[in-house]
Amino acid sequence: MAISTKTNKTQYDPDQGAPPKVKEVEDAELERDCYDFTTTTTTKSSKTNPALTELGELWSMAAPITLMNGVVFLRAMISVLFLGRLGPLALAGGALSIGFTNITGYSVLFGLASGLEPLCSQAYGSGNYEMLSLSLQRAFALLFLAAVPISLLWLNLGPIMVGLGQDPQITAAAAAYCLYSLPDLLTYVALQPLRVYLRSQGVTKPMAACSAAAVVLHVPLNMFLVFVLGLGVPGVAIASALTNFNMLMFLLIYLRWAGTCQLTWRGWATPAAVVSGVAPLVKLAVPSCLGVCLEWWWYEIVTVLAGYLPDPTTSVGAAAVLIQTTSLMYTVPMALAACVSTRVGNELGAGKPIRARMAALVALGCAFMIGVVHVIWTLVFRERWVRLFTNDASIVRLASAVMPLIGLCELGNCPQTTGCGVLRGTARPAVGARINLLSFYLVGLPVAVSLAFGGNVGFSGLWYGLFSAQVACVVLVLLSVLVRTDWELEASRAKKLTTVEIAVVNEEMKGLMGNTNGEV
């Protein structure tokens, strides 16, 4: 049978025909007590500031996720450092392959897995654990299907790059790195949906701990494979793949040992049960994927454009430093966005629109403060930070001059990234995708090209383009979240989504029971 029928508070008898009701909005008086800032009643909920309560809820999840994002970033940095130890050819080939795999593979799978966020968070909030378990398995299937054409693309990296005019030696190193990264693609198919599934239940500390443990082993793995066995570039790729595999294994071992998901994991479903309800996931996954890819790809385009400036070596080097810097700063708002998506989805699934709105407002306030911190540190430490990456005077001068502008970009990027998390939590990723398309490609890219090449601003013009894109993006996202979101309507939509899924599961269970009794 696809779904466990063990008795608990969320189970129901399929022979009764009607699906169970999803949790209704809390009693109006209790809701008013919890959220009236001026109330002076003696109840516990009225004494607690709801914003502070939400702040604690949010950061209890976001802090471990930020740590996890940080160690994942550290893993990538370690890989680049080992490539650099192998020489300029290995570094160039590895960097080319890393960019290619990010654009064609990891960004796509990450985006598709993001479509799982509203389904899992709303299902968990409503107590519909059957939907939660099935959604995870559907995401596994969807990402595996997407990985098939991606793997074929990776296998043909060499001919593709040679056809685009890349240096044959650099292409050979890139192709080797890409080939040995293929197992990592399969690991990512399982790892990323599992992260979303656990995060939707507030299980974040184990993910951070398992990621940290895996990254601790990343350095000795590289040392052994690259230098002891002498595998070179393939050794770096294998070490990176093994580190992700270790993350997955450590997480599965922990979940098995701790029994964390005994209530929400209902066992492996039949293929028919997985396929029959995959449409809602696809409808959310595709726009989520587009939204992620449109933003990620923009930074790769900036690197390409930097290569057409008068001093391409210096420009590309400075762009690489700045993109690594933005990637590091992005770990915090990315964690905040993921967690506010969970918080909003949980509360909407539970039928609590006021609390969902509170979660969104608190997260946006935090995002703005994080953006201010980024502005300050990029202004104060700009030259010292750049010198951590290189001692080349030209690159240091060029990148340091743009660092404050990068900080200003983050002042917009932090709230817009968090706002996109709110949109995912309300099952509206298509809105975020349209905003990214408009902001980055119809505003930012024309500004970047016109200033860098037509306006003789040069390298800084590319980043003014990013700044204009972030301004447009944050305005549109905040408008969508703060003005155009009807929270009562979103709670009703969440109820409809989870109730429909319960009805589908109910019919499947009745069919399976009928087959067991010999009925057709």
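One-based numbering along the chain as shown.
Cβ coordinates are placed from backbone N, Cα and C, and glycine is handled just like the others.
TrEMBL entries are annotated by machine, without manual review.
Taken straight from TrEMBL:
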COMPBIAS  1-13  compositional bias 'Polar residues'
REGION    1-25  region 'Disordered'
TRANSMEM  58-83  transmembrane segment
TRANSMEM  139-157  transmembrane segment
TRANSMEM  169-191  transmembrane segment
TRANSMEM  212-231  transmembrane segment
TRANSMEM  237-257  transmembrane segment
TRANSMEM  269-298  transmembrane segment
TRANSMEM  318-340  transmembrane segment
TRANSMEM  361-381  transmembrane segment
TRANSMEM  393-414  transmembrane segment
TRANSMEM  435-455  transmembrane segment
TRANSMEM  461-483  transmembrane segment
Quiz item: Cβ under 8 Å to the transmembrane segment (139-157), counting only same-chain residues 6 or more beyond its ends: which ones?
Solution: 97, 100-101, 104-105, 108-109, 112-113, 115-116, 171, 174-175, 178-179, 181-182, 185-186, 188-190, 192-193, 196-197, 274-275, 278, 281-282, 285
Quiz item: Same chain, outside the transmembrane segment (237-257) by at least 6, Cβ under 8 Å from its Cβ: which residues?
Solution: 75-76, 79, 82, 94, 97, 176-181, 183-184, 187-188, 190-191, 194, 198, 206-207, 209-211, 213-215, 217-218, 221-222, 225-226, 231
Quiz prompt | Annotated stretches the transmembrane segment (212-231) and the transmembrane segment (361-381) touching (3 or more Cβ pairs under 8 Å) | solution = no
Quiz item: Which residues, given as numbers and ranges, are at least 6 beyond the ends of the transmembrane segment (169-191) yet have a Cβ under 8 Å from it?
Solution: 89-90, 92-94, 96-98, 100-101, 105-106, 109, 140, 143-144, 147, 150-151, 154-155, 157-158, 161-162, 233-234, 236-238, 240-241, 244-245, 247-248, 251
Practice problem: Using a Cβ cut-off of under 8 Å, list the residues of the same chain at least 6 residues beyond the transmembrane segment (461-483) that approach it. | Solution: 298, 302, 305-306, 319, 322, 360, 364, 402, 405-406, 408-409, 411-413, 415-416, 419-420, 422-423, 428, 431-432, 435-436, 438-440, 443-453, 455
Self-check item: Tertiary contacts of the transmembrane segment (435-455) (same chain, 6+ residues out, Cβ under 8 Å)
Solution: 290-291, 294-295, 298, 301-302, 305, 308-309, 420, 461-466, 468-470, 472-473, 476-477, 480
Self-check item: Within-chain partners of the transmembrane segment (393-414) [C-beta distance under 8 Å, separation at least 6 from its ends]
Solution: 311, 314-315, 317-318, 321-322, 325-326, 329-330, 332-333, 336, 367-368, 370-372, 374-379, 382-383, 385-387, 459-460, 463-464, 466-467, 470-471, 473-474
